[in-house]
Amino acid sequence: MKNIVLIGFMGTGKTSVGKVIAKKLGFEFVDVDEVIEKATGMEISQIFSKFGESCFRDIEEEMIKLITQKRRQVIATGGGVVLRDENMKRLKKDGVIFCLRASENVIFERLKQTTNRPLLQVENPEERIKELLQKRMSLYEKADFCIDTEGLTPEEVAEKIIKEYERLSNGKT
């Protein structure tokens, strides 16, 4: 069966929704950022501050290569995975890609208390969210399906994804 791949901006619910889907379908749950942290022995924020975003994206690309060798996974990606076309090609090859969306305000509210988001460690995180969303929106829209997570629980979003995945798969995964 094909993988279920969750993309979208940070704070849209990829990890929480992904865990629900994996449990319901009996798939393995894979959080790309966690895989990177285990492989490097460093937190994402440390990689960013010590080596920069470009180095992080190189590591992320290598991890995507490894992760996509398996099937029957729910893969929660980092928000910037879409920045490299190669990542999207690999994820799409043997997966169905779902983009989780939320408005700038909702994302800000969900993330304002976190300190482990290196791209938001700036003077004006609200403005940064807006800027990054604008840059990435067209890339996120390359997903097979987009789902708005605002006002929905992780379980409700998971149900929508499972229904669409099963409809699409219809024996073809």
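Positions of Cβ are set from backbone N, Cα and C atoms, glycine also.
The following features are taken from TrEMBL:
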BINDING   GLY11, THR12, GLY13, LYS14, THR15, SER16, ARG117  ATP binding site
BINDING   THR15  Mg(2+) binding site
BINDING   ASP33, ARG57, GLY79, ARG136  substrate binding site
Exercise. So, in DSSP terms, is SER16 (ATP binding site) helix, strand, or coil?
Worked result: helix
Exercise. Other than its own, how many Cβ atoms are within 10 Å of the Cβ belonging to ARG136 (substrate binding site)?
Worked result: 18
Seminar exercise, completed: For GLY79 (substrate binding site), the close binding-site residues (Cα within 10 Å) drawn from THR12, THR15, SER16 turn out to be THR12
For this session: Indicate whether ASP33 (substrate binding site) is helix, strand or coil by DSSP.
Result: helix
Seminar exercise, completed: Among GLY11, THR12, GLY13, THR15, i.e. the binding-site residues, the one with its Cα nearest that of ASP33 (substrate binding site) is THR15
For this session: Give me the Cα-Cα distance between THR15 (ATP binding site) and ARG57 (substrate binding site), rounded to a whole Å.
Result: 19
Exercise. Hey, which of the binding-site residues THR12, SER16 is the loneliest by Cβ count within 10 Å?
Worked result: SER16
Problem set entry | For substrate: widest Cα to Cα gap among ASP33, ARG57, GLY79, ARG136 in Å | 18
Exercise. Around GLY79 (substrate binding site), how many other C-beta atoms are within 10 angstroms of its C-beta?
Worked result: 21
Exercise. Reduced to three states, what secondary structure does DSSP give GLY79 (substrate binding site)?
Worked result: coil
Seminar exercise, completed: GLY11 (ATP binding site), Cβ-centred 10 Å count of other Cβ atoms over all protein chains shown, is 21
Exercise. For ARG136 (substrate binding site), which DSSP three-state class applies?
Worked result: helix
Exercise. Non-local Cβ contacts of ARG57 (substrate binding site) (under 8 Å, 6 or more apart, same chain)?
Worked result: GLY80, LEU83, ARG84
